[in-house]
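K.L.:
TrEMBL lists these features:
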type: TRANSMEM; residues: 77-98; note: transmembrane segment
type: TRANSMEM; residues: 110-143; note: transmembrane segment
type: TRANSMEM; residues: 155-184; note: transmembrane segment
type: TRANSMEM; residues: 191-210; note: transmembrane segment
type: TRANSMEM; residues: 253-273; note: transmembrane segment
type: TRANSMEM; residues: 285-308; note: transmembrane segment
type: TRANSMEM; residues: 328-347; note: transmembrane segment
């Protein structure tokens, strides 16, 4: 635990000077929880309007999920810090219990502690909470029911897990995996485990209760989702296989498993040693082969999901276009680390000298811990990738100055952002007409498209990005493209061809632009601040 605390403490020491992931976190997920908490409508009916975005309450996440509840009492940054330690502690405990009590046994205590530590040091995606970090713990509970245990703590784990994870990203896919195990027991072992079946049913029921807004909106929609017009892009088979291979080697960025540098070579060494020693009846060997094969199958399916191979099937079944069934890759971290533990156990047994075997195990664990805990530490990764601190990204002093100069209640006007993520304005309390949401009314997408139609026609890539996906309801510009971090273009540009009348119809009064605009609406003010990553030019739309 001291190593985990050492890994976590930089968040506390650095505070808002820390570097956090921007993509799919600071630009979206962190904001959704904050906007909902600030609205005072966390428990309001799904049809109630969240004024800051002017969207129904049902478009935002459930009030029964941990990030939503924590944001009611803590700042977004404090919520992040608390969740990070919580995820790491749960990951360590869960993997340790899974390996010690269900897979390897007490004689492999050092190995179990080491692999559990490596798992806890993974760069978990914070909005997912226990979606990846908690999987070993919930698998431990299910395997306990499978083996005939009936402890109350097993049921508590199963019933609480849905409050700390998402049904659509990981819950459904984990339940599919354990359902497969249940079917295997029925067909091969001739066992019908009532407790195991009831555990699956109970977890499913709690998930549906937690996600009741999503379920009810699917049955009796409060609004038509923008996803109705989403259209997936299907790639050639060669590109799909490349994607599958990359996923097998490197995993997926929402569910990092970091298997390429240490885990895969360790598995290969274990297989070669077993072949050399002809230990073909070893239970752990066959469990290792099955686990790695499952990982490979998940990666292959992940690649093929968006390929022309499955296009005829997916386009003929509407559900296959609306729901992403390729998210089995969220199980990869759990599976790869179980495989890592099995491989280490095999290596330790195959090496004739006990101390040498233990030394090899400790070396592999140390290398993986260094790879995950230091080389891929989220703060270091974010600093290298974009170099923008939390404070510099949200630039609160600068936007507070803008708010003071406008001098009106934020409820009386709306803003849009050009060249920066609209999450920044929303974080600072402005009511925005743009956002990054995974679920919102289709009418909002159509209204924004009317504003930016001419800009989309200038860029086939942007047009495809907005029309076929559309989660980013942004004020796109063909000249700035998708550069929202001031990486490529910071000099002045011609005012994009927006339909300003349509923009006014959305209630927009001000444009917050990262770059100076020629032939633009009247300049309201230029804003600079030493602690801000952005220089903001504010333009006011006149009547």
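Glycine is treated like the rest: Cβ placed from N, Cα and C.
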K.L.:
How about long-range neighbours of the transmembrane segment (77-98): same chain, 6 or more residues beyond its ends, C-beta under 8 Å?
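P.N.:
Residues packing against the transmembrane segment (77-98) from afar: 1, 4-5, 7-8, 11-12, 15-16, 20, 30, 33, 66-67, 70-71, 112-113, 115-117, 119-122, 124, 126, 129-130, 132-140, 143, 337-338, 390.
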K.L.:
Contact between the transmembrane segment (155-184) and the transmembrane segment (191-210) is defined here as three or more C-beta pairs under 8 Å separated by at least 6 residues; is that satisfied?
P.N.:
yes
K.L.:
Excluding the flanking five residues on each side, which residues at least 6 beyond the ends of the transmembrane segment (328-347) place their CB within less than 8 Å of a CB in that stretch?
P.N.:
95, 98-99, 103-104, 108, 111-112, 114-115, 118-119, 122, 131-132, 135-136, 139, 169-170, 173-174, 176-177, 247, 251-252, 254-257, 259, 262-263, 266-267, 269-271, 273-274, 279, 282, 284-285, 287-288, 291-292, 294-295, 298-299, 301-302, 357, 360-361, 364-365, 368
